[in-house]
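Beneath this line is the structure, given in structure tokens, with notes to follow.
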Amino acid sequence: MTPPVTVTVTGAAGSIGYSLLFRTGAGQLLGSDTPVRLRLLEIPSAVRVAEGVAMELDDCAFPLLDSVDIFDDPRQAFEGANVGLLVGARPRGKGMERADLLQANGAIFAPQGRAINDAAADDVRILVVGNPANSNALIAASNAPDVPKERFSAMTRLDHNRAIAQLAKHAGVHQSQVRRMSIWGNHSTTQYPDVFHALAGDRTGAELAQDAAWLEHDFIPTVARRGAAIIEARGASSQASAADAAIDHVRDWFGGTPSGDWTSAAVWSTGHYGVPDGLMCSFPVTSDGKGWTVVDGLEHGPFSQARIDASIAELVEEREAVRALGLI
Ligand code: NAD
Ligand code: LMR
């Protein structure tokens, strides 16, 4: 057994929290030899619900779950955190874009960034799930000046997994045979899921992308608009698939990405691929277990580059909006 890891989860009484916490307690986040101490953060009016979730966690008698504590104060919730899963934020409803949440949700992430700065463990790693995830991660990271920026990331793993599933269907292979998928840019409808560098069984994505009608009118919009399609169908935003993606993200960040493959995550840009410094932009990334590294040397044709540029332009606009709100 390794020493216990302290995991702070915000929005613990919410939908994603409900899926995420039991899988975390069962050892799926950090592996079957790592005990977990859970620290749950909620707003005061939802603390009672979080207490109910904690009662259920108790009732699972998980061998790897050391403790569950509940807080309504970010400073206390992030005390000693090695991992922070920032889920707590309002989800969008039908007809909304994720950026519409910026004003409502952005303000949550500045105090949480400060709390992480002041209270978390020196090795803390943060995954932002709450939307608009890229800009919320930017706000949290900007308000935590003592924490290295590479310890913050925002979740585009759900988009990545969606893209794998869609490409596998198109190629007629099992999703386990799809590798090297990449999500570029923002977790929004401007995101660019790149098939050109992917592999599906023994076929290259570039070969599959020759079906231009499928690429432009089916694959890209299906992946980019999947969140809205789920809201339309369920009347609520994705829950279990989002929790699953968060587990995948953290597991790969700590455990490493498989050799010969990569994943996607939004990380702090230091100028990779011409993306302006200091944007939380999704890239193809690998992990050696210690941190993310952006995959270098991928070349894009004009079709891909125009779409990546559009998503980066949207991230720049969101950063301006966040600045105007005084959050960074
Ligand atoms: P939800 O409304 O069911 O739960 C959100 C929870 O957050 C609530 O319990 C609420 O009380 C809590 N909360 C609100 N403000 C808080 C604060 N300041 N501190 C702590 N907790 C707070 O929503 P959900 O379905 O669980 O979704 C949560 C967020 O995740 C939404 O913003 C949603 O859009 C986003 N999301 C992102 C992805 C992604 O791929 N990045 C995927 C799915 C959902
Ligand atoms: C998703 O992609 O499912 C989430 O970001 C929820 C949403 O608003 O689309």
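Cβ atoms are placed via backbone N, Cα and C, with glycine included.
Annotated in TrEMBL:
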type: DOMAIN; residues: 6-149; note: domain 'Lactate/malate dehydrogenase N-terminal'
type: BINDING; residues: G11, A12, A13, G14, S15, I16, G17, N105, Q112, V129, G130, N131; note: NAD(+) binding site
type: BINDING; residues: R92, R98, N131, R162; note: substrate binding site
type: DOMAIN; residues: 156-322; note: domain 'Lactate/malate dehydrogenase C-terminal'
type: ACT_SITE; residues: H187; note: active site, proton acceptor
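Features as recorded by TrEMBL, highlighted on the structure.
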{"residue": "G11", "record": "NAD(+) binding site", "DSSP class": "coil"}
{"residue": "G17", "record": "NAD(+) binding site", "DSSP class": "helix"}
{"residue": "R92", "record": "substrate binding site", "DSSP class": "coil"}
{"residue": "R98", "record": "substrate binding site", "DSSP class": "helix"}
{"residue": "Q112", "record": "NAD(+) binding site", "DSSP class": "helix"}
{"residue": "G130", "record": "NAD(+) binding site", "DSSP class": "coil"}
{"residue": "R162", "record": "substrate binding site", "DSSP class": "helix"}
{"residue": "H187", "record": "active site, proton acceptor", "DSSP class": "coil"}
Cβ-based isolation winner (fewest other Cβ atoms within 10 Å) among the binding-site residues S15, Q112, N131: S15
Spatial neighbour of G11 (NAD(+) binding site) that is closest, considering only the recorded positions R92, R98, N131, R162, H187 and their CA atoms: N131
Least Cβ-crowded entry, counting other Cβ within 10 Å, from the recorded positions listed as R92, R98, R162, H187: R92
Euclidean distance between Cα atoms of the residue listed as 'active site, proton acceptor' and A13 (NAD(+) binding site), Å: 23
Annotated binding-site residues A13, S15, R98, G130, N131, filtered by Cβ under 6 Å to ligand 2: R98, N131
Cα-Cα distance linking R162 (substrate binding site) and S15 (NAD(+) binding site), given in Å to the nearest integer: 20
DSSP-assigned states of the domain 'Lactate/malate dehydrogenase N-terminal' (6-149) in counts, ordered helix, strand, coil: 65 helix, 26 strand, 53 coil
